[in-house]
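Trainee: Below are the C-alpha cells for one structure; questions will follow.
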Amino acid sequence: MSRLRIFADSNPTTPHFDSRDGEQIATELRKIGVTFERWHASQPVEPGASPEQVMAAYRADIDRISAERGFKTVDVVSIAPDNPKREEMRAKFLDEHFHKEDEVRFFVAGSGLFTLHVDAQVYEIECVKDDLIAVPDSTLHWFDMGPEPHFVAIRFFTEPDGWVGHFTGTEIAKQFPRYAPEKPPKAS
C-alpha cells in the first residue's frame, strides 16, 4: 500500500504526517509540485510480460502524460531480487541528488521508496503497484529499491542524457532509514 511520511529534515525519527490514503498523498505532494496518480491497466499484465505488453496495457495513460509533459522516450525497467548487480544498482541513487529533467516513474509491479528533500522537510513516498510519481527537475531526492529489489516500472524521459544524477555531497540520506518493504505473512 502506498504511503507518505513527512519529517522535519532535522528529525528523521518522528514523522509529523503519515498517510496511506491516495488522495491525501496526492494532495500533500501537489503542494511541492509533485504529481502522484493511480493508474489501472486496460488489459491484464501477467508476470514476465514483455516491455511491449506492459506498455500496451497502459498506452492511454502513457500517451496522455507524454503529451502533457513532452516526453520523447519511454521504457520499462525490471529488477528482481536475484539480480547479481542488485547491490550496485541499489547504491547508485541512495545519496541525495537531482536531475535536470523531471523523474517520472510508474510502478507496474513491486515497490520502491522515493525520498524528497524540499524546504527543510523530507517526504518519504513508498510507491507500489499502480502508482505514478512525477518529481520535478532539480528536486533534491534519493531512491531506495530495498535490499531485495523487486519492481517493474515504466520510465519517461525528455532527453536521452537527462536522467543523470547530480549529487549534492550531503549526508542527509544516511540519516533516514533505508527501505525495507513489508513482506506479506507466510501462509501456514
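Cβ coordinates are placed from backbone N, Cα and C, and glycine is handled just like the others.
Straight out of Swiss-Prot:
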type    : residues                     : note
REGION  : 1-20                         : region 'Disordered'
SITE    : GLU96                        : site 'May play a role in metal incorporation in vivo'
BINDING : HIS97, HIS99, GLU103, HIS141 : Ni(2+) binding site
BINDING : HIS97, HIS99, GLU103, HIS141 : Fe(2+) binding site
SITE    : ASP102                       : site 'May play a role in transmitting local conformational changes'
SITE    : ARG105                       : site 'Important to generate the dianion'
Trainee: Would you identify the secondary structure of GLU96 (site 'May play a role in metal incorporation in vivo') according to DSSP, in three states?
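Mentor: It is coil.
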Trainee: Would you kindly list the residues that approach the region 'Disordered' (1-20) from elsewhere in its chain, counting only those six or more residues past its ends and only Cβ-Cβ distances under 8 Å?
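Mentor: The answer is 28-29, 36, 117, 120-128, 131, 172, 175-177.
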Trainee: Counting across all protein chains present, how many other Cβ atoms fall within 10 Å of the Cβ of HIS141 (Ni(2+) binding site)?
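Mentor: 23, counting other Cβ atoms within 10 Å of HIS141 (Ni(2+) binding site).
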Trainee: For the region 'Disordered' (1-20), what are the DSSP-based totals of helix, strand and coil residues?
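Mentor: Taking the region 'Disordered' (1-20) as a whole: 0 helix, 9 strand, 11 coil.
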Trainee: Tell me the Cβ contacts of HIS97 (Ni(2+) binding site) under 8 Å, same chain only and six or more apart in sequence, or just say none.
Mentor: LEU140, HIS141, TRP142, GLY165, HIS166, PHE167, THR168
Trainee: Can you give me the Cα-Cα distance between GLU96 (site 'May play a role in metal incorporation in vivo') and GLU103 (Ni(2+) binding site) in Å, rounded to a whole number?
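Mentor: Rounded to a whole number, the Cα-Cα distance is 14 Å.
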Trainee: If the Fe(2+) site is taken as the center of the Cβ atoms of HIS97, HIS99, GLU103, HIS141, which further residues of that chain fall within 8 Å of it by their Cβ?
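Mentor: Those within range, site residues removed, are PHE93, PHE98, VAL135, THR139, LEU140, TRP142, PHE143, GLY165.
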Trainee: For ARG105 (site 'Important to generate the dianion') and HIS99 (Ni(2+) binding site), determine the Cα separation and express it in whole Å.
Mentor: 14
Trainee: Excluding near sequence neighbours, so keeping only residues 6 or more apart in the same chain, what lies with its CB under 8 A of ASP102 (site 'May play a role in transmitting local conformational changes')?
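Mentor: Those within reach of ASP102 (site 'May play a role in transmitting local conformational changes'), by Cβ under 8 Å and sequence separation of 6 or more, are ARG69, ALA134, VAL135, PRO136, ASP137, PHE156, THR158.
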